[in-house]
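Enquirer: Below you will find the structure I want to go over with you.
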Amino acid sequence: MVGYIGNVDIGVFDAEVANSISAELERQNTLLQMIASENFVSRAVLQAQGSVLTNKYAEGYAGSRYYCGCALVDVVENLAVERLCRLFGCKFANVQPHSGSQANQQVFMALLKPGDTILGMSLDCGGHLTHGAAPNVSGRWFNAVSYGVNRDTGLIDMDEVEALALSAKPSLIIAGASSYPRRIDFAAFRAIADKVGAYLLADIAHYSGLIAGGCYPSPFGHAHVVTSTTHKTLRGPRGAVIMTDDEEIHKKIRLSVFPGMQGGPLMHVIAAKAVAFKEALHPDFKLYAQQVLENSRVLAGVLSSEGLDVVTGGTDSHIVLLDLRSKGVTGREVSSSLERAGIVCNKNAVPFDTEKPWVTSGIRLGSAAETSRGLGVPEFESIGRLVAKVVNACSLGQEKMSAAEAEVRREVNGLVRSLPMSAFPVCEVC
C-alpha cells in the first residue's frame, strides 16, 4: 500500500503554513480590524468550511448532478438556498458563485451580449471594479458608462444617472458600491431603468448584512437581480450569491453559473454559507446590524469633531470614508501609519480623486468586524480619537508621527486585550 500522510497534523507536516496561520490568528487578535470588507466568522462557519465536504465534487444543482454520491451535499445546498430566500424574502437564489466578481460576471453573461452598454458607479466615486472599470472584464467586454456623485454633497447624483441613462440607453444599470457610505435609492434606480428598458442589478455586497438586519433599504421589489458577497456584513465565508424574484432570469442565471462560468461548486463553502444564513436569521443578528450602524455613525461623528473630512458628512452603513486632502497626506501614508499603530484599514479613492489608485487621497474604515468582536459605542469613540491622532500626526513629520503611532499602539493593546477573539478555534499544533 502506498503510504498516505492524510492523518498527520498540519503542524507536524507543514510547520511553515501552520506557523503562518497561527501568526495570522495572533494578528487578527491583537490589532483592530477596520477594513470594511472584512469580518470575523463564527466557530460554526469555520467548522463547516473546514469539513469533509471539501472532498466532494458536485457539478450541477441539487437533484440534477453529473456525479453520483451527491444526496447529502444536495441537502446542504437546498438548506443554503431556502435560508437565503427566507432571509431576504426573495423567490429564487443561486448559492454557487465563488466570489462577488464572478457573481456579477455571471449576471452579465446571463443578461447581456458583448458590446452592450452598462451604466455603473465610477471607481473613484465608490463603485467597484466589476461595475465597468477599464481594467476589468466589465470595462473590456462592454461599453461602460459611469455615473458619479455630487461634488458638494458626495451623494449619488440621480439627475446625472437619469441623464446618462437616457443618453446611453444601457442594457443594464448597476446600483451598488464598494465605498459609498450612504443609502442607495433602489426605487429611483428602477424608475430610471424602466424609462430606458434596462435591467437593474443591485450589487449589495457591502450592505447585505445590514439589509438582512433591517438597517438598510432592501433592493427587492425594485431590482431585477441582486448579487452579494457573503463575507462582509453578512458575516459568512468568502463567496457570493445571486438572487431574483423573476423565474426566467433565475433560469438564465443557473445556466450562466453552471456550465457557463463554473464547474464544480465548493460544497464546503456552500455549507458554511448555509450556517451563516441560519445565524443571520436569528433575532440577535438584527441587534448586531443595529450595533454595526450605531458604531460607524459614532466613529464618523468623532472623526468629524476631530477636524477630519468625513465624505458625505457621515454614514448610513458600516463604511466611513475619510478625505485626507485637507491634511496634505495620502491614503497610502495614513493607512501604513495606522497599521503600525495597530489599526488596520485600507487606502481608498475619494470622489474626484486625482491621486493614483495605489496612492489615493483617502482611507476607508469599517465597523463590521470589531462589532463582531464585541466593541460598542465607547470603544468606537476611542477608536475615532485614536485614528484622528494618527492622521493629524502624519502631516507633522516623522518624529511626531512615530510618537503618535507608539502611543496609539499602547491604547489599542488595551482595547483588544479586553475582548479577545475567543470564538476562534486554535489548532493545538499551531
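Yeah, the Cβs are placed from backbone N, Cα and C, and that goes for glycine too.
Quick caveat, the model's predicted, so the values are computed rather than measured.
The (6S)-5,6,7,8-tetrahydrofolate binding site feature in Swiss-Prot is assigned to Leu123, Gly127, His128, Leu129, Glu248; the stated evidence is sequence analysis. The feature N6-(pyridoxal phosphate)lysine is assigned by Swiss-Prot to Lys232, with sequence analysis given as support. Annotation source Swiss-Prot lists site 'Plays an important role in substrate specificity' at His231.
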Enquirer: Do you know offhand how many angstrom separate Lys232 (N6-(pyridoxal phosphate)lysine) and His128 ((6S)-5,6,7,8-tetrahydrofolate binding site) by C-alpha?
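Expert: Checking the Cα atoms of Lys232 (N6-(pyridoxal phosphate)lysine) and His128 ((6S)-5,6,7,8-tetrahydrofolate binding site) gives a distance of 15 Å.
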Enquirer: Please work out which residue of His128, His231, Lys232 has the most C-beta neighbours within 10 angstroms of its C-beta, and give that one of the recorded positions.
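Expert: Of the recorded positions His128, His231, Lys232, the most buried by Cβ count within 10 Å is Lys232.
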Enquirer: Taking the Cβ of Leu129 ((6S)-5,6,7,8-tetrahydrofolate binding site) as the centre, how many other Cβ atoms fall within a 10 Å radius?
Expert: 16
Enquirer: Considering all pairs of residues in Leu123, Gly127, His128, Leu129, Glu248, annotated in the record as contacting (6S)-5,6,7,8-tetrahydrofolate, what is the maximal C-alpha distance expressed in whole angstrom?
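Expert: Largest Cα to Cα distance for the (6S)-5,6,7,8-tetrahydrofolate-binding set is 31 Å.
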Enquirer: Hey, does DSSP put His231 (site 'Plays an important role in substrate specificity') in a helix, a strand, or just coil?
Expert: coil
Enquirer: Long-range neighbours only, meaning 6 or more apart in sequence with Cβ under 8 Å: which ones does Gly127 ((6S)-5,6,7,8-tetrahydrofolate binding site) have?
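Expert: Residues satisfying the criterion: Gly120, Met121, Ala133, Ser146, Ile174, Gly176, Ala177, Ser178, Tyr180.
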Enquirer: Give me the Cα-Cα distance between His128 ((6S)-5,6,7,8-tetrahydrofolate binding site) and His231 (site 'Plays an important role in substrate specificity'), rounded to a whole Å.
Expert: 16
Enquirer: Under a three-state reading of DSSP, tell me whether Leu123 ((6S)-5,6,7,8-tetrahydrofolate binding site) is helix, strand or coil.
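Expert: SS state of Leu123 ((6S)-5,6,7,8-tetrahydrofolate binding site) = helix.
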Enquirer: Would you find the one among the binding-site residues Leu123, Glu248 whose Cβ has the most company, meaning other Cβ atoms within 10 Å?
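Expert: Output for this query is Leu123.
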Enquirer: Considering Cα atoms only, can you say which of Leu123, Leu129, Glu248 is the nearest neighbour of His231 (site 'Plays an important role in substrate specificity') among these binding-site residues?
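Expert: For His231 (site 'Plays an important role in substrate specificity'), the spatially nearest of the binding-site residues is Leu129.
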